[in-house]
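According to Swiss-Prot, the protein carries these features:
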DISULFID  6-56  disulfide bond
DISULFID  15-39  disulfide bond
DISULFID  31-52  disulfide bond
DOMAIN    6-56  domain 'BPTI/Kunitz inhibitor'
């Protein structure tokens, strides 16, 4: 995953699992939590806030 992932929109995906993960919000310039459905989505999804901040901030 490269830094371009940080510019992708938040993508929940079509599945119905509820995993708390993080994405980089380019509007607020912060890593924020969201509920990920568990499948598909994109690369702007991180297991921890620290992983998100390491790549995107």
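The backbone N, Cα and C atoms fix where each Cβ goes, and this holds for glycine too.
The average per-residue pLDDT of the prediction over the domain 'BPTI/Kunitz inhibitor' (6-56) is 98, rounded to a whole number.
DSSP gives residue 15 (disulfide bond) a coil state; it is part of no helix or strand. Of the candidate disulfide-bonded residues, 6, 15, 39, the one lying closest to residue 52 (disulfide bond) when CA atoms are compared is 6. Residue 39 (disulfide bond) sits 22 Å from residue 56 (disulfide bond), taking the CA atoms of both as reference points. The two recorded residues, residue 6 (disulfide bond) and residue 15 (disulfide bond), show a Cα separation of 22 Å. Fewest Cβ neighbours within 10 Å among the disulfide-bonded residues 6, 52: that distinction goes to 6. Rounded to a whole number, the C-alpha distance linking residue 56 (disulfide bond) with residue 31 (disulfide bond) is 8 angstrom. Every protein chain considered, the tally of other Cβ atoms within 10 Å of the Cβ of residue 31 (disulfide bond) stands at 22. The most crowded of the disulfide-bonded residues listed here (15, 56) is 56, judged by how many other CB atoms sit within 10 Å of its own CB.
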